[in-house]
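Engineer: Let me give you the structure first, and then I'll get to my questions.
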Amino acid sequence: MAAATRLGPKLSLLVHLLIFSWYVFTIWSNCTLQTSDRHPGVRSYGGRWKYLTFINLVSHALFFGLCVLADAVHSAVSVKQSRSGAPLLLTRARDFYFTALAFPVGTFVFVSFWTLYTYDRELVYPKMLDEIIPIWLNHAMHTVIMPLLLLQMFLQNHRYPSRTKGIFSLALFAALYLSWVLWVHHASGIWVYPIMAHLSPVGLCVFFGGASLSMAPLYLLGEKLSLMMWSSTVTGSRVPRAKYTMVREALCYVIPYRMQCSMGCGGQNCKYEDPSHWSEDDQAIRGIYSSWYTACTQHLFT
């Protein structure tokens, strides 16, 4: 059986308890800032709950709280008992939560924030916020989240669901959050992030679409990193790797199959589907794309 963790249940419990406490402290620090009344976003419609950063913090706190609960239960039962019932259910819930939500959403927050911040911080985190939010808290919300996710991935092997189920769950989350962002604008007339106020309607569609589509590659990235970290432990040797890229894999999930066929080989004009496109040399057996046949095949078709 594959090893589920690099640490024992009790040591895992300690590590997860420390990380959970860190997230609780970060959220508490965010919500009790004495300068919060100067933060324009906190005082407006939706409060902190309209920011993906804050939602992500709460999500990670809930995840590591689930890890603490799962570790506590596993510590209290035997190895055999941990393979069924409540312990198994908690493990499956933990794995699904991490793979379909915690890792891809957390990675998106980290990458998107620092990309926009580097390009023009006024688009996502105006300089005036430095006087309201301490620098350490900014890094706690946007930087530390990534090392903690990678640490969790390294310490515990998470079983990924089917790609259809995982990416669909992530897409559902993205759709719900974008709907919330649009509702906030409809109800209050404000955009959650400054960059949205600078975009035209077409630009907003491109921005929302690009942000949503980027979730699938991040999901696949987590799957690949998990495989790299755990394949040798699970199988005893490195497993074969697919030669196609994560970008191609993500596009295959987004582009309809009929369109893929049309783009790839011509759809109805595909030379492998229509005998009228074949030469005599391509029809060793007439009506079938073939270049040779055996004596047995000849007997079947004559």
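Every residue, even glycine, has its Cβ placed from backbone N, Cα and C.
Reproduced below are the annotations present in TrEMBL:
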TRANSMEM  12-29  transmembrane segment
TRANSMEM  49-74  transmembrane segment
TRANSMEM  95-116  transmembrane segment
TRANSMEM  136-155  transmembrane segment
TRANSMEM  167-185  transmembrane segment
TRANSMEM  191-221  transmembrane segment
Engineer: Most CB pairs under 8 Å with the transmembrane segment (136-155): which of 12-29, 95-116, 167-185?
Structural biologist: 95-116
Engineer: Should anything in the same chain at least six residues away from the transmembrane segment (95-116) have a Cβ under 8 Å from its Cβ atoms, list it; otherwise answer none.
Structural biologist: 52-53, 56, 59-60, 62-63, 66, 123-125, 142-143, 145-146, 149, 152-153, 158-161, 165-166, 169-170, 173, 195, 211, 214-215, 218-219, 221-223, 226
